[in-house]
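Visitor: One structure coming up, written as structure tokens, with questions to follow.
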Amino acid sequence: MYLCTAQEMRDLDRCTIDRMGLPGMVLMENAGREAARALLERFPEAKKAVVLAGSGNNGGDGFVIARHLAAAGWEVSIGHLGQVEKMSPETQTFYGVCRQMGIPIVGKNESEKWIGTADVVVDALLGTGVRGELREPVRTLIHQVNRTCQGFVLAVDIPSGVDTDTGAVLGEAIRADLTVTFAAAKWCHYLRPAAEYRGELKVVDIGIPPAVVTENPPRAQLNQPSLWEKHLSPRSPWSHKGSHGHLLVLGGSQGMLGAAALSGMAALRFGVGMTTLGVPHGQVGPLAAKVTEPLIWGWPDGPEGGFSGAFPPDWEERAPRFTAVAVGPGLGRFTREKTWLERLLREVSVPVVLDADGLNILSGDLSFLEQRQGPTVLTPHPGEMARLLGISVEEVESSRHQVAVDVAERYGVTTVLKGTFTVIAFPDGQQVIHPESSPALAKAGSGDVLTGILGGGLARGIPVESAVSLGVYLHSSAGRLATVASAHSVLASDVIHHLGRAIHQIH
Ligand SMILES: NC(=O)C1=CN([C@@H]2O[C@H](COP(=O)(O)OP(=O)(O)OC[C@H]3O[C@@H](n4cnc5c(N)ncnc54)[C@H](O)[C@@H]3O)[C@@H](O)[C@H]2O)[C@H](O)CC1
Ligand SMILES: [K+]
């Protein structure tokens, strides 16, 4: 399912009307009817509703909704803002029908009195055509709805007062229980703070022909199995461990051995054939006492149980055996780390995942990523992304998808910006957003598990676009499945244990 910007939605709309010849009036009728249907399904008995309608096409949808609710026997009134002369012809038509039907249409002050006693308030004030900070009187009316409404609030397309593309709140925004949106989800449904205003989200079909979408594909999609499920095919009965790839994980300095262990175990649970954990020599013994299945490879020791910045003598002999490399889980900082990483990235042409300190090494200079031969995946959380780019965490969070896309396009990498609704951006500017929040994953170690799953997928030979979206999806579902009693109590190792069930659910 696609995720649109306001402009992408307008393009789909325009192409449907101009090229396909389907009148805008039909789209508006479909939109309003489907939104009304969502209400009628939820409230089978007639209710008292106030429809707040602006003068744009979002208001037009509101007039259609009012008509359908009135036809179903609801007691409906319309609070209308703006001027009839400025309405589009479709909106004017549906406004006229409501008048003819005798549905009361009142101005702002009168409608304010009804908001407090209505069972349902329909917010059709502003949709994707909103521009800049809210002006009066709409701002006060939105404030009144949030303050006095006791009933159920349906937002039409987007909650009025949020910016479609950035997810910013433009001074004040409707707090909805349900948002019914048309043809595709919009970015504001998945970007904070707007995402906190929408309530439940329902995407309905309004009749935009599939050919129109194929011709004008939006750049973002929601993460769902259809994007990558073909790569989760069952294991061939003729396969052996060498058929399923070999991941090298570099990390696990003193005090952070668990991070490397988690990545390695996650990769194995995800199905990679072999995992080698490359850790400082001094950590080989403690790690061997901790994990059984991964191979362990000692790297030259540096001070304080970390890496020295040198390569092991058998590097050149062993390096060609790995089918992917993950750098960062518990890596720590060490002298000459930048030269070390540059050499590694130059000499390894298989896919590389960079996480945690593997990313911190890059901070301020990502330019040498452009030289890489194989695919590179960066998996920053917002703090790491802020450090990478030398900007604040607030700046990252206020434009999550833009930041992820900018890095991906500029440096030719795949970016996985973690957080609620993880954003994945590819070098060609395409994006995938993960539509689920996973509170159980908000814990130390869970990033290391993701790194292992992504590295494991890449090592198995799954193409990067699929491996990354698939990995993010499975990590999130395993987190959900691991939440047996409380999300508070889920450990990163529990997530690893539930990976098998998460995979099984997709098969
Ligand atoms: N997706 C589709 O194919 C369809 C969508 N529909 C609906 O149409 C709206 C978008 O309609 P549009 O006319 O472009 O804009 P709006 O109704 O969202 O808003 C325009 C309206 O708002 C006023 N305004 C703009 N900015 C501000 C502000 N900052 N403060 C106060 N007022 C503002 C402006 O003056 C106009 O009056 C989409 O969301 C869907 O709901 C179609 O119905 C069907 C096809
Ligand atoms: K709205």
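Keep in mind that glycine also has a Cβ here, set from the backbone N, Cα and C atoms.
Source: prediction; values computed, not measured.
According to TrEMBL:
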type    : residues                                               : note
DOMAIN  : 9-214                                                  : domain 'YjeF N-terminal'
BINDING : 57-61, 127-133, ASP157, ALA259, GLY330, HIS381, ASP448 : (6S)-NADPHX binding site
BINDING : ASN58, ASP123, SER160                                  : K(+) binding site
DOMAIN  : 224-506                                                : domain 'YjeF C-terminal'
BINDING : LYS418, GLY419, THR420, PHE421, THR422, GLY447         : AMP binding site
Visitor: Which binding-site residues among ASN58, GLY60, ARG131, ASP157, GLY447 have CB under 6 Å of ligand 1?
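Guide: Going through ASN58, GLY60, ARG131, ASP157, GLY447 in sequence order, those close to ligand 1 turn out to be ASN58, GLY60, ARG131, ASP157.
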Visitor: Return the residues near GLY447 (AMP binding site), defined as same-chain residues 6+ apart in sequence whose C-beta is under 8 angstroms from its C-beta, sorted by sequence, else 'none'.
Guide: PRO329, ASP355, ALA356, THR379, HIS381, LYS418
Visitor: Out of ASP123, GLY419, THR420, THR422, point to the one nearest ASP157 ((6S)-NADPHX binding site) in space (Cα versus Cα); all of them are binding-site residues in the record.
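Guide: It is ASP123, whose Cα lies nearest.
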Visitor: Can you tell me the three-state DSSP label for THR128 ((6S)-NADPHX binding site)?
Guide: coil
Visitor: Which binding-site residues from the list ASN57, ARG131, SER160, THR420, GLY447 come close to ligand 2, meaning a Cβ under 6 Å from one of its atoms?
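Guide: From ASN57, ARG131, SER160, THR420, GLY447, counting a Cβ under 6 Å from ligand 2 as near, the near ones are SER160.
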Visitor: Would you find the one among the binding-site residues GLY60, GLY419 whose Cβ has the most company, meaning other Cβ atoms within 10 Å?
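Guide: Counting every other Cβ within 10 Å of each candidate, the maximum falls on GLY60.
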Visitor: Closest of the binding-site residues to THR422 (AMP binding site), Cα to Cα, picking from ASN58, GLY60, SER160?
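Guide: Ranked by Cα distance from THR422 (AMP binding site), first place goes to SER160.
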Visitor: Given the binding-site residues ASN57, SER160, which one is most crowded in terms of C-beta atoms within 10 angstroms?
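Guide: Highest number of other Cβ atoms within 10 Å: SER160.
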Visitor: Using a Cβ-Cβ cut-off under 8 angstroms and a sequence gap of six or more, which residues of the chain neighbour THR420 (AMP binding site)?
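Guide: ARG192, ALA195, SER437, SER438 - these are the non-local Cβ neighbours of THR420 (AMP binding site), listed in sequence order.
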Visitor: Let me know the largest Cα to Cα distance in Å among the AMP-binding residues LYS418, GLY419, THR420, PHE421, THR422, GLY447, as an integer.
Guide: 15
Visitor: Tell me the Cα distance separating ASN57 ((6S)-NADPHX binding site) from SER160 (K(+) binding site), rounded to the nearest angstrom.
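Guide: Their Cα atoms are separated by 13 Å.
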Visitor: Rounded to a whole number, how many Å is the Cα of ASN57 ((6S)-NADPHX binding site) away from the Cα of PHE421 (AMP binding site)?
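Guide: Cα-Cα, rounded: 29 Å.
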Visitor: What is the interatomic distance between the Cα atoms of THR128 ((6S)-NADPHX binding site) and ASN58 (K(+) binding site), given in whole Å?
Guide: 8
Visitor: Let me make sure I understand the structure: which of the binding-site residues listed (ASP123, ASP157) has the fewest other Cβ atoms within 10 A of its Cβ?
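Guide: Result for the binding-site residues ASP123, ASP157: minimum number of other Cβ atoms within 10 Å at ASP157.
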Visitor: Given the binding-site residues ARG131, HIS381, LYS418, which one is most crowded in terms of C-beta atoms within 10 angstroms?
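Guide: When each Cβ's neighbours within 10 Å are tallied, LYS418 leads.
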